[in-house]
Each structure stands twice: as C-alpha cells, then as structure tokens.
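*Asks:* Below are the structure tokens for one structure; questions will follow.
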Amino acid sequence: MIPKLSPNADPCTACASTPAFPPQPMEEEGEFLYQLRLEYSREVLYARFHAALRVHTFVVVPTRYGNDIARCVGRIRTPVQTDIASVVRVASDQDLCTWHIHREKERAAEMIFRDRIEHYQLEMKCICCHYPLEEARVVFLYSAPARVDFRELVRDLGATFGTRVELRQINEREEARIVGGIDCCGRALCCCSVFSRLRPVSVKMVKEKNLLFRSTQMMGRCGRLRCCLTFEE
C-alpha cells in the first residue's frame, strides 16, 4: 500500500518511515494447518489448530502411540495429500516436565535393551527408545537385516520395565533420518533436514539426469540411492 504524503512532507523520509513488510499478528482467528515433527523419530505430521503457533512451539498431538509431544515446523498454506490430525493443546509446563523425565528414562532403557540383545545373541540393532507422553508403554525402534524372533526378549523386557513393551522394525532410510549425520557434500543428511517425508528414489532418476551410475557415489549413508536425486523431479 502506498503511503499518503502531506503537501510539506519529504517523500524520502515518509517512505523510509513506513515499513515495507508490517509485522504479522501473533494470534489469528480460525483454524490453521501446521507441519509438526515428532522429536524421537523425526517423522512429520500435519495437524490443525485454532490459533497461531510460533515455529518450535511444542504441542500435544495424537499419534499411533497415543498423545505425544511434537514440535511446530511451520504453517502450511497449501493442501496436503495425507491424513490430518488435530492438535490437542499447546504443551504445558507439566507436559514438558514429563517429556524431559521420559527422555532420561529412555537413555537408561536403551542401554538395557542393547545389553539384552547381546545376551540373547540377536542380529538386530537398537536405534532409539521412546516413552509416549500419556501411554503406559515403552517403544523400541530397531533395525535388522532379516526378521527376528524376539518373543523371549519382549518377555524379559516386560518383566524388567514392568510395563507394556513394543518393538518396531524400521528400514535403513528411517534409521538414517533418526541418527542423522553429515554427507559427503558437507551438509546434513537430506532425510533429516530437507525432506518432510522420505520420497522413493529409483535408478530411473539417475539415468534421466545423465549421471554415471557409480554405486559408491550414488549411495547415501543409509546404503540406498541418495535423496538429493529427487530434487529436480
């Protein structure tokens, strides 16, 4: 909007005093769509909320394991082709206190889990442990080259923790997203810094870009084709 100038006003001074981009109000009425990220797995969720949220605000949102803590990544202004949840509430001090207590418990649980894997000589690797905010259970994410019979392990862990134990196998790309790291380009891995969701990558993408297919150069830290091959799709 062009500011109105008084007859005796200096045009340069008047324009300089008018901000080009006026500050946006912190609170708006209506319902807005936000992109959220789960802290333990870096998975992305989409949820609606009735008020404006700052980036990095912690909220409570429904997940596969019940209500849990997620961080606001930003507001979404275009439609998304995925399931959309509803934010339960902005995380309270009590929610954040419980979340921090759970994170301390997770570190100890991971050590016990790794010790039990070694005891039972199972070919699997512990990636992370998670205590949901409002659920009486503990979830272990692991990777393995093949299917693992861990029934005895689950019984042992259940007796140790005195609660419901759930083991969930994840693939190599999901593992890389959780663990993170720096790739050969010197930047953080795309799967945990650029993409909100893991996109499929195929050999066809390499051929379409007229790139030489050298396995050592085209493979990422996860052992699969690099996510950056999808940038020009």
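The chain as shown is numbered from 1 upward.
Here the Cβ of each residue, glycine as well, is placed from N, Cα and C on the backbone.
Not my notes, these are from Swiss-Prot:
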- 85-170: domain 'PSP1 C-terminal' (DOMAIN)
*Asks:* Which residue counts does DSSP give the domain 'PSP1 C-terminal' (85-170) for helix, strand and coil?
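*Replies:* The breakdown for the domain 'PSP1 C-terminal' (85-170) reads 38 helix, 23 strand, 25 coil.
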*Asks:* Can you check how the pLDDT averages out over the domain 'PSP1 C-terminal' (85-170)?
*Replies:* 94
